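Undergrad: Sending over a structure as structure tokens; questions will come in a sec.
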Amino acid sequence: MNAYDSVRPLRWVDSRLQLLDQRRLPLQAEYVDCYSALEVAESIKEMVVRGAPAIGIAAAYGVVLAAKDAYARAGQGWREAIADALRQLANARPTAVNLHWALARMERRMATLPIGDDPYLTLLDEARKIQEEDLAANLYMGEQGAALMHEQGAVLTHCNTGSLATAGYGTALGVIRSAYAQGKITEVFADETRPWLQGARLTAWELKQDGIPVKLIADAAAAFLMKQANVQWVVVGADRITANGDVANKIGTYGLALAARAHGVKFMVVAPSSTIDWEMATGADIPIESRMGDELLAVQGQRVAVEGVDAWNPVFDVTPAEYVDVLVTERGVVHRPSREHMAALR
Ligand SMILES: CSC[C@@H](O)[C@@H](O)C(=O)COP(=O)(O)O
């Protein structure tokens, strides 16, 4: 079995979507069943499934469930009957554009269906394609990103961009997997990624499963690490990249980019083209999700700040394109992205 076969965040089994419950990892590996689009939307909101590409894939299967239900209820009128479910999926989380990309692709497929046809098998086929193409893109980006690493050294990554966040293998973590297999990486440092701890709970778990040595650091240690250690690259994923190359990703990414530039460490963003929002000119317009303050005020359900203290909890930030040394996509690699350079990826 290949390493990237070992973890699957989503699987379609007997007319339902099963999601590996990422809220419980790494202590428990349990799948949650989704029988309806509403259950998929809730699972995205509650972060049972997370990571931009995985959210998109989940939404695509959500459309399959919605169409099945709409056809059972309304027959030929299923296109109208599905509208509410599509809205619920679209509103599940605001920042990752992959969600909207996947819904738009499913709607385009819906439009090709003759009136009156049962949409189920056609839409299931499209959702499966989205999932398969994402895995293929990751494997390819892994090779492309690894090829950019010319010197042996350590890498630092943020959040979780691995199999759990995608159809498999991962984006930034895919590059790390490929580069490690080629002997280019001496050490992987993973930010714990407060407050949800994607790094501590998910990235460390994935790398451990692959036998790739990983050292966890507090987010606050990143700049000092860059000063002290032989870190060659910071490698991260993205939730939305605008037409000028600005990058929204997990909160803390912007600070990493600033620190990397100050210390001569190169900054790589790895994302499939489904993460690029060509309609949005710059990162200033990206909707940034704010989550409940409780995520900060408590750790694993245990309150750490005194009652009455409030919190500000934006869960993404935007890194201006000028701090990105290289963007790796399945459509190609862009150095120092700008509106002009990005056009090569369209
Ligand atoms: C390949 S995943 C890329 C991004 O989605 C990832 O870095 C990230 O920020 C995920 O945020 P999350 O809030 O866990 O969904």
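Every residue gets a Cβ built from N, Cα and C, even glycine.
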Undergrad: Considering the substrate binding residues ARG50, GLY51, ALA52, GLN198, ASN249, LYS250 given in TrEMBL, which of ARG8, ARG93, ARG105, ARG303 is annotated for that site as well?
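TA: So the substrate site in TrEMBL includes ARG50, GLY51, ALA52, GLN198, ASN249, LYS250 plus, from the candidates ARG8, ARG93, ARG105, ARG303, ARG93.
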Undergrad: How far is it from GLN198 (substrate binding site) to CYS159 (site 'Transition state stabilizer'), counting Cα to Cα, in Å?
TA: 5
Undergrad: If you run the three-state DSSP split on GLY51 (substrate binding site), which class comes out?
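TA: Looking at the DSSP assignment, GLY51 (substrate binding site) belongs to neither helix nor strand, so coil.
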Undergrad: Taking just the CA atoms, what is the gap between LYS250 (substrate binding site) and ASP239 (active site, proton donor) in Å?
TA: 8
Undergrad: The record lists ARG50, GLY51, ALA52, ARG93, GLN198, ASN249, LYS250 as binding substrate. What's the largest Cα to Cα distance among them, in Å, rounded to a whole number?
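TA: With ARG50, GLY51, ALA52, ARG93, GLN198, ASN249, LYS250 as the binding residues for substrate, the largest Cα distance is 17 Å.
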